[in-house]
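Record features, source TrEMBL:
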- B:Glu414: active site, proton donor (ACT_SITE)
- B:His35, B:His265, B:Arg360, B:Ser387, B:His464, B:Asp472, B:His476, B:Arg523: substrate binding site (BINDING)
- B:His75, B:Gly124, B:Pro125, B:Leu126, B:Gly163, B:Asn192, B:His265, B:Phe440: thiamine diphosphate binding site (BINDING)
- B:Asp162, B:Asn192, B:Ile194: Mg(2+) binding site (BINDING)
- B:357-528: domain 'Transketolase-like pyrimidine-binding' (DOMAIN)
- B:His35: site 'Important for catalytic activity' (SITE)
- B:His265: site 'Important for catalytic activity' (SITE)
Number of protein chains: 2
Amino acid sequence: MDIKALASAHPDHWARAACIRTLTLDAVAAANSGHSGMPMGMADVATVLYDKHLSFDASNPDWPNRDRFILSAGHGSMLLYSLLHLTGYEDMTLEQIKDFRQLGAITAGHPEYGHAKGIETTTGPLGQGIANAVGFAMAEEHLRAVWGKKIIDHYTYCIAGDGCLMEGISQEALALAGHQELSRLIVLWDDNGITIDGKVSMSDRTDQKARFAASGWDVFSCDGHDPEDIDRALTEAKASPRPAMIACKTHIAIGSSAQDTAKGHGALTDPEVVANTKAAYGWEHAPFEIPAELKQWWEEVGRRGAEDRKAWEERFNALSAGKQSEFTRTFAGEMPKKLTATIKALKKQLSEEQPKVATRKASQMALEVINTIVPETLGGSADLTGSNLTHTGGLGIFSPEDRKGRHIHYGIREHAMAAAMNGMILHGGIKPYGGTFFTFTDYARPSMRLSALMEIAPVYVMTHDSIGVGEDGPTHQPVEHLAMLRATPNMNVFRPADAVETAEAWELALTANKTPSTLALSRQGLPTVRTEHKTKNLTAQGAYVLADAEGKRQAILMATGSEVAIAMEARDLLQAEGIGTRVVSMPCWELFEQQDESYRKRVLPGGPVRVAVEAAADFGWDRWLFSERGKRDKGGFVGMTGFGASAPAGDLYKHFGITAEGVAEKVKSLL
Amino acid sequence: MDIKALASAHPDHWARAACIRTLTLDAVAAANSGHSGMPMGMADVATVLYDKHLSFDASNPDWPNRDRFILSAGHGSMLLYSLLHLTGYEDMTLEQIKDFRQLGAITAGHPEYGHAKGIETTTGPLGQGIANAVGFAMAEEHLRAVWGKKIIDHYTYCIAGDGCLMEGISQEALALAGHQELSRLIVLWDDNGITIDGKVSMSDRTDQKARFAASGWDVFSCDGHDPEDIDRALTEAKASPRPAMIACKTHIAIGSSAQDTAKGHGALTDPEVVANTKAAYGWEHAPFEIPAELKQWWEEVGRRGAEDRKAWEERFNALSAGKQSEFTRTFAGEMPKKLTATIKALKKQLSEEQPKVATRKASQMALEVINTIVPETLGGSADLTGSNLTHTGGLGIFSPEDRKGRHIHYGIREHAMAAAMNGMILHGGIKPYGGTFFTFTDYARPSMRLSALMEIAPVYVMTHDSIGVGEDGPTHQPVEHLAMLRATPNMNVFRPADAVETAEAWELALTANKTPSTLALSRQGLPTVRTEHKTKNLTAQGAYVLADAEGKRQAILMATGSEVAIAMEARDLLQAEGIGTRVVSMPCWELFEQQDESYRKRVLPGGPVRVAVEAAADFGWDRWLFSERGKRDKGGFVGMTGFGASAPAGDLYKHFGITAEGVAEKVKSLL
């Protein structure tokens, strides 16, 4: 690599890009950990992108019509932090850069959404960013159609590395993007030929350009160290009527002794290596020092979009007051005021009509009224629309032909669906929900975890939530998935018992702004257990007394979802024998945990025998059976002890002993 | 579709394939559920494959050198069941076909490994089978090199549908196969253009052939209803020096009124539809009736490989007795006898030398001795070899140039790694292990669940198992993952405290034959806590008293992994204050649960205060704190309550209060 030739070919550009490279070297050295090579390698591309293409205003980081920049290769976080600092984002001070990877700093090892302005999404788990970017681009297409291009009209740029492209999620994401013709999506592939284990050629020989082209992308190439070539490729990509991938040929850890090696992927902390690299760059400044004229140039870049932003604000202010407030509301993630009344009316109707429907059907019934009054919902399914029942009347199908369509055929791509939903909600202006079978939570897990970690609130509509699946058998019957999600911080897991609880759960899922929700919904029909209308949202308390004991309270049955009706039947059996039995419906453990002690004690007082009923693993139930005023020898569980089986659902419930009789027997054995 | 023209063009073939189609129609109708369209569409391909290409012997289903046939599109299970029944697999009786999808039948909704001979793997979750097939093919390549082609020399065939190819795992799998030049792998893509939601074109426009070619596959096409064309394509694919994909153009639910529609994907149960379809086929037999001459022809097919099998047995019998028994041992999944002594010797050495090493390093130390005496291990890492420490001296790298190599660079493909490990172990003759960061359990989950469900025992080497990860931050810090795996049936989750427990865990993971193991291993160095050598494998008991109370036992500290040393320090603090404190190390909950009551009671007697320490979510700990003779007001947890953060590991432990002082305080607050 002839660094001097590079530097002398474009000396101004070289010095500007060197700011990123040296800040990276200094921050990684100070932290004694991190990833130097990627920011060093992609500094030229990023400099040209920010200088000439990215529409943004560092003084207004939340401007809704800004271009979005997503660093899918999140380990290269110093690239992003450097750009934010250099262009003048207020919160990204030099002190934060110096505190890279330290407790309390906004400059985490990987970019964490919410830590700093300009971090559009949390990345690090590879492949997530590129799939988020697809969601951003879908959101932009939809909102451009809804609001007009005077209000929404921007690009989504994404830098992805070899790791991102090897992860399976990248295939789901790029195929979805190609199908949807997301022309405003531009992926810059850092084609440096190196992964942690060594050369990419040790584990891959994929022609990435051919692969993207196979799914309907336009593909471009550039020399990732030649600013003119980068500019040319970006200009061409922006003009493309399809999503565009630019293969940027780069040298990882350029200019260092670790250039083009796996060592260069990691932390270059050796003082000599750092010094030599800076010398190779012709950089003669102290650590963390950016010469004033260079900082000034970068801050100009940070102000470049200010006029566009002001022009946008004028256009926005020209909208009617109603439209403005609607835009502001949806971008704030707030629900329309009438949601509460609408859900109440639905609940009243359901308590009166008492339908026996599957909760997946009840979910659709709720969505029918919700989608009418909440225009920002964007639903979908991973090729199980008719099973998940996520589609409602008149939504239309989101497609190149109908950008206003509000139901998305995600294809058999649970992972990309979840990641795209994250991207949509991060974009703003959209409340996404998407469905698959509950057991396929497994496929979507990495993105679901990121919803929780980022404190964003998409809604996962997970139907077919137990052995109630029936004949499809154990691969399709979730057993451990309730526990998996309940163990996940900041995830509300709803398992509603009937149509009323389902409506309540939807209200809570939509109004949650910082916590994602999973709705675990039955395949099979369930009777209405909430036969008496209550205006209060009882599900909001997480658990509540559905039916109290008659006579002396000897037993408390705790159940969720499809097993609440079984608990109610068991109560009938027990009461008939004079055993006073309370039934507690527990649609959301997390919300119950948040109730105060006095409420929890009212619902689960000490004393009676407690039996929990859930067609799932018992993992986690000990909390409610034993530690919440329960008694060690007076608690029992009726549910699954292993995987399910293939048979009609009714047969399975009997086979596994999850029946009213089984519950009653369990109670009696503990009395 | 001119069915008559098809039938008259190849009348014999047509009648044979019609056996599959009509058995499918009848079984699905009887079950009133299932998937008719795929077996109907792929019956011609399957007939040609079994008749002319697949090397197998229905009377010896476990013949190690048989070709493997994997139905990745597992919902089309009746295709496989029909083939097994028709060709004369003893256990696949007509009664089983008639009991399709009923409780206790071996004919589950999706093919379940272990239910019937000839089911090579459990499929149904889409994309798994194709990735399993890559593992099968890798196993074959390796074993062919090890044993010579007289002993192992076969093909792996896989039928995959559009769903399999849309799932991200398919990209990981095909790129891995292309890189590894797995020339004996042939994927038959059921190119019917239909998914559950409708036409594939509603969600995808990928040119699958171009996509496979981009990763180094040879691609072929055929008319999936023309037996000659199918035969030609298979013949060409077999001759290819690369993995081969054959796009089989088919009509889903061919000949029925639902042909070429999403309706045809599901269950055709309407008697009129069934009758009309059979009429279109020219099929005039009673339900489930296969005319004798057709059954005879199929049984001939089932015997076609008998001579090859016998010839193979002769070659096998010509091996030395030692080689024969080694082959038999490895295919039975049994460990060499000397493993126990080897582990004991290592433990003795470790207890004496008392190294302070990360358990990931301890794992490598164990693997160094294991890999020397267990030749059937095949290790690997998803591009974190130097972090997971799964490589040991002299293994070599598995590649087209070195098929005897025993370490696999899986690339950044956690999902395909896990699925390929499943495939390898199902193939037989190999004990696979593979590593990634513990947090990326999320990416591998669907395949890890299938290990557990299939009762096969690969070893997941999951390093960087807590906030001990440090600066990489919360995306890389598992919090809920121990609970997720503990909640999964039939999964042993080991979190060893030091090098000795790590060696013990490895012994258990290797000797388990029906239960997969996850080793959750620390990034950070840990002191040896097992300083006194015991020949007994204490980890086999799941939990044990590591240090007992001195004086009156007032407290029991329970901990796993890196927190055991913290518990030991806390014990010192408490004992110094005269508070008698026992420390229980709990490296494997599942094994502890399997101990008898008297042992569990000895370890966790009632009475003392109990505090659990684990740098993870507390979800699940209530079992040991409260229900196992614990007392409601005398239990506490020291660990995580939310996600982690980015900072040096030591800072994080202090920040989250997971310290000896914190544990001691917690105990005192409960006394």
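One is the number of the first residue shown, and numbering goes on along the chain from there.
Backbone N, Cα and C define each Cβ position, glycine as well.
Positions of TrEMBL features highlighted on the structure.
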| residue | record | Cβ contacts under 8 Å, 6 or more apart |
| --- | --- | --- |
| B:His35 | substrate binding site | B:Val28, B:His75, B:Gly76, B:Ser77, B:Met78, B:His265, B:Gly266, B:Ala267 |
| B:Pro125 | thiamine diphosphate binding site | B:Gly74, B:Pro446, B:Leu450 |
| B:Asp162 | Mg(2+) binding site | B:Asp190, B:Asp191, B:Asn192, B:Gly193, B:Ile194, B:Thr195, B:Val200, B:Asp204 |
| B:Gly163 | thiamine diphosphate binding site | B:Ala73, B:Leu126, B:Gly127, B:Thr195 |
| B:Arg360 | substrate binding site | B:Ser387, B:Asn388, B:Leu389, B:Val461, B:Thr463, B:His464, B:Leu521, B:Ser522, B:Arg523 |
| B:Phe440 | thiamine diphosphate binding site | B:Ala382, B:Glu414, B:Met462 |
| B:His476 | substrate binding site | B:Phe437, B:Thr439, B:His464, B:Val469 |
Notebook entry, point to check: Cα-Cα separation of B:Gly124 (thiamine diphosphate binding site) and B:Asp472 (substrate binding site), in Å?
Noted result: 36
Margin query: Excluding near sequence neighbours, so keeping only residues 6 or more apart in the same chain, what lies with its CB under 8 A of B:Asp472 (substrate binding site)?
Written below: B:His464, B:Ser646
Note to self: I'd like to know the mean pLDDT over the domain 'Transketolase-like pyrimidine-binding' (B:357-528).
What the structure shows: 98
Next item on the list: Would you kindly determine which binding-site residues in the set B:His35, B:Ile194, B:Arg360, B:Asp472, B:Arg523 have their Cβ under 8 angstroms from any Cβ of chain A, listing them in sequence order or replying 'none'?
Entry: B:Asp472
Notebook entry, point to check: thiamine diphosphate site residues B:His75, B:Gly124, B:Pro125, B:Leu126, B:Gly163, B:Asn192, B:His265, B:Phe440: biggest Cα-Cα distance, Å?
Noted result: 34
Notebook entry, point to check: Once B:Asp162, B:Asn192, B:Ile194 are set aside, which residues in the chain still have Cβ within 8 Å of the Cβ centroid of the Mg(2+) site?
Noted result: B:Gly161, B:Asp190, B:Asp191, B:Gly193, B:Thr195, B:Val200, B:Ile252, B:His265
Notebook entry, point to check: Per DSSP, B:Ile194 (Mg(2+) binding site) is which: helix, strand or coil?
Noted result: strand
Note to self: Max CA to CA distance in Å over the substrate-binding set B:His35, B:His265, B:Arg360, B:Ser387, B:His464, B:Asp472, B:His476, B:Arg523?
What the structure shows: 48
Item checked: Other C-beta atoms that fall within 10 angstroms of the C-beta of B:Leu126 (thiamine diphosphate binding site) -> 28
Note to self: At a 10 A cut-off on CB-CB distances, which of the binding-site residues B:Asn192, B:Ser387 has the highest count?
What the structure shows: B:Asn192
Check: In DSSP terms, helix, strand or coil for B:His75 (thiamine diphosphate binding site)?
Finding: helix
